[in-house]
Amino acid sequence: MGRRLFGTDGLRGQVNIYPMTADMALRLGLAAGTRFRNGNRRHRVVIGKDTRLSGYMFESALTAGLCAAGMDVFQVGPLPTPAISFLTRNMRADLGVVISASHNPFMDNGIKFFDRSGFKLPDDVENQMTDMVLDPDWQWDYPASEKVGRAYKIADAPGRYIVYIKSSFPADLTLDGLRVVIDCANGANYKVAPLALEELGAEVIKLGTEPNGLNINHQCGSLYPEVVAAKVRETRADIGLALDGDADRLIVVDEKGTILDGDQIMALCAQDLMAKGKLPGNMLVATVMSNMALEVFMKEHGGTLLRTAVGDRYVVEAMRQHGALLGGEQSGHLIFREYSTTGDGLLAALQILRIMRERGKPLSELAGQLQLFPQQLINVHVERKIPFAECQPVADAVAAIETELGDRGRVLLRYSGTESVCRVMVEGEHPEQVARLAEMLAETVQKHLR
């Protein structure tokens, strides 16, 4: 069947409204436990969450379903999504589960799964679980009473992740003398990220580290990088770091308070790895949303940019298929496959800090090498998600814009995989032209797809 539950980043929605309900989480736990149970041995599942109030409810429901299916559950509490991926591998678990809605506000939540290797589940496995969950007559294969699973709290999980994340930073380098502003979005990394940076010697100025269950992503974190930028200028810090609620994405601010997106950071890291001969095939993997300037930059430096559909899962899939070690998204998902199987904001931050330390230059000088093309992105709420080619006014508008831009720009329309939104993106050489065309296309989409 189709992807009726899972979007590009798992299951997501408003709490206590279908599908993000406790009974759905219970059935998902049963389905996951049934799908991944194999043989008579004990099976293990790692469950982590961010700081949303509803996380406790979903943690309990998922645990009940998984235990009923015969899985032992290891609850690690609030930790970043990449930490759950790591712990799933580290603890030799059969499955990892993350309860988070990433950058969304507290009233939303989500559930996503990792396989035993720490990778997000492929579509066909999610569809198998969907079939089980949505079939009211599904016959669950419950284990015998003595084989029901148990639940455990893993108190040292944050420490394990810190040791792992620090292992990606050269042993002969420290962050002594660096002043770092970090905004943890009142989310999953509110404890771990500042502590890891402090252990490496940085002076850390903390924002968004007082979660109360309701303030995750509220005017803070990667969606509000201007907050970090202001604090960097105020404190004369060397760098600013803005994470999202589950800490798998990163937006960076240089010492001047200039906000850098994922494309600029990917260019910096790609050039560093190519110079060291550590980027296989000189290949960088990014999505269709990445700026044209990144593609030009890679060509000028003897590399190639491979584009994928939007979603870090698709970036990772392409990286595995082509043997690439660096990939990411403009939105700040950065994947260093030598160390991790998914986007990791703290890991990415340490790689940037390493480059700053090794080169002895300020971030503004290092990252200023990529001059982005003017790009306008507009999110339009839509009621229908029909193929754009089937809506003639929209198709005509796209064709007209492509004709006007020629080979010096591009237009992209895509539906969000997690929201009722159409993303309208226009890119070109002239900012006034780009803004005008993007507004025109957004109005057409709003008029005909409402």
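Glycine is treated like the rest: Cβ placed from N, Cα and C.
Keep in mind that what you see is a predicted model, and the values were worked out from it rather than measured.
Look at Swiss-Prot and you will find Ser102 tagged as active site, phosphoserine intermediate, backed by sequence analysis. The Cβ of Ser102 (active site, phosphoserine intermediate) has 28 other Cβ atoms within 10 Å, all protein chains considered.
Per Swiss-Prot, the feature phosphoserine maps to Ser102. Secondary structure at Ser102 (active site, phosphoserine intermediate), as computed by DSSP, is coil.
Here Swiss-Prot flags Ser102, Asp244, Asp246, Asp248 as Mg(2+) binding site, drawing on sequence analysis.
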Asp246 (Mg(2+) binding site) versus Ser102 (active site, phosphoserine intermediate) - Cα distance in angstrom = 5
Who sits close to Asp244 (Mg(2+) binding site): which same-chain residues at least 6 apart have their Cβ under 8 Å from its Cβ?
-> Ser102, His103, Ala185, Gly187, Asn217, Gly221, Ser222, Leu223, Gly332, Gly345
Report the same-chain neighbours of Asp248 (Mg(2+) binding site): residues 6+ apart in sequence with Cβ closer than 8 Å to its Cβ, ordered by sequence.
-> Pro80, Thr81, Pro82, Ser102, Asp312, His333, Thr342, Gly343, Asp344, Gly345
When you average the Cβ positions of Ser102, Asp244, Asp246, Asp248 for the Mg(2+) site, which other residues in that chain have a Cβ within 8 Å of that mean position?
-> Asp50, Pro80, Thr81, Ser100, His103, Gly187, Ala188, Leu243, Gly245, Ala247, Arg249, Gly343, Gly345
When you measure from the Cβ of Asp246 (Mg(2+) binding site), how many other Cβ atoms are you left with inside 10 Å?
-> 36
